[in-house]
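Below is one structure, written out as structure tokens; comments come after it.
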Amino acid sequence: MSIYLIALLPVLGWGFMPIIANLRKSTPEEQLLGTSISALLFAFILFWILSPEITVLSFIVSFVSGIFWSFGQLLQFKGIAASSVAKAMPISNGTQLVGATLFAVLVFQEWQTVTAVIIGVVAVILILIGVVMTGFQKRGNHITESVSFHVYGIVILSSFFLTLYVVTNQLFDVTGFSIILPQAIGMLTCAIGINLAKKTAISRKNVTFNLMTGLSWSIANLGMFLATAVLGVATSFSISQACVIVATIGGILIFKQKKSPLEWTFILSGILLIMVGVVFLSLLK
């Protein structure tokens, strides 16, 4: 029972992370810097407690994956700033799932059977349909797509980098808690570089506030590590993706976005399709 509660940490942590980041009007760069600082502090504490062995290879690979995360997370924050948490996060989650799936098929040559291909293709289609449905908005007597191509472009590019962040360690077979510290160092190094390149004043209050964003992300990350060790990749992966429910519905309610009954129907149906697609993908892991 307790391990399933731990498995809910990614759901809550990753679900509330973008909501926390947008409770205060910070720039995406400030959000990224605060999140990265908090992630590194959390990583140092875990390293001190667990003392995992870090090799030169695991450090370099994890450091690079942290850089990918920073670019991806910055673009995700930008996508949210250009739309909203409720609109951007289903696109982000859905396209990350599709990206990771394509990488698994093309690079790791998964889906070796016809059945696997059919299940995988159906899963991807369901996820993509679900993503589009969450962005529908009622205008007059018509339902239209409310998310602009500009936002789609930003979030999809974000998902490309976040997919690289996820698969880089897998590609080099770097696993376990040895990932966390060098990855966090890479995250903060890149975040500092991005803020220096911007050459504009940084609000210390905004960065400090976003330490909570980083704490939310770090708790989710730790929960995913612990849940995967006990429940396995398929189960923990499926549970963690419910974060899209928290981010989407939480974003609408907390930021008091008005939705008509028809819009709620499309949003909830879209989320349901995404989660069904996730379950199908978990069958292939």
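Positions of Cβ are set from backbone N, Cα and C atoms, glycine also.
Record features (Swiss-Prot):
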- 2-21: transmembrane segment (TRANSMEM)
- 31-50: transmembrane segment (TRANSMEM)
- 55-77: transmembrane segment (TRANSMEM)
- 111-133: transmembrane segment (TRANSMEM)
- 146-168: transmembrane segment (TRANSMEM)
- 172-194: transmembrane segment (TRANSMEM)
- 207-229: transmembrane segment (TRANSMEM)
- 233-255: transmembrane segment (TRANSMEM)
- 262-284: transmembrane segment (TRANSMEM)
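Against the transmembrane segment (2-21), stretch 233-255 has more CB pairs under 8 A than any other of 55-77, 111-133, 172-194, 233-255, 262-284.
Remote same-chain residues near the transmembrane segment (146-168) are listed as 61, 64-66, 68-69, 71-76, 78-79, 82-83, 87-88, 91-92, 95-96, 98-100, 103-104, 107, 135-137 (criterion: CB distance under 8 Å, separation of at least six residues from the stretch ends).
Pairs of Cβ atoms less than 8 Å apart link the transmembrane segment (262-284) most often to 233-255, out of 31-50, 55-77, 172-194, 207-229, 233-255. Comparing 31-50, 55-77, 207-229, 233-255 for CB pairs under 8 angstroms to the transmembrane segment (172-194), the maximum falls on 55-77.
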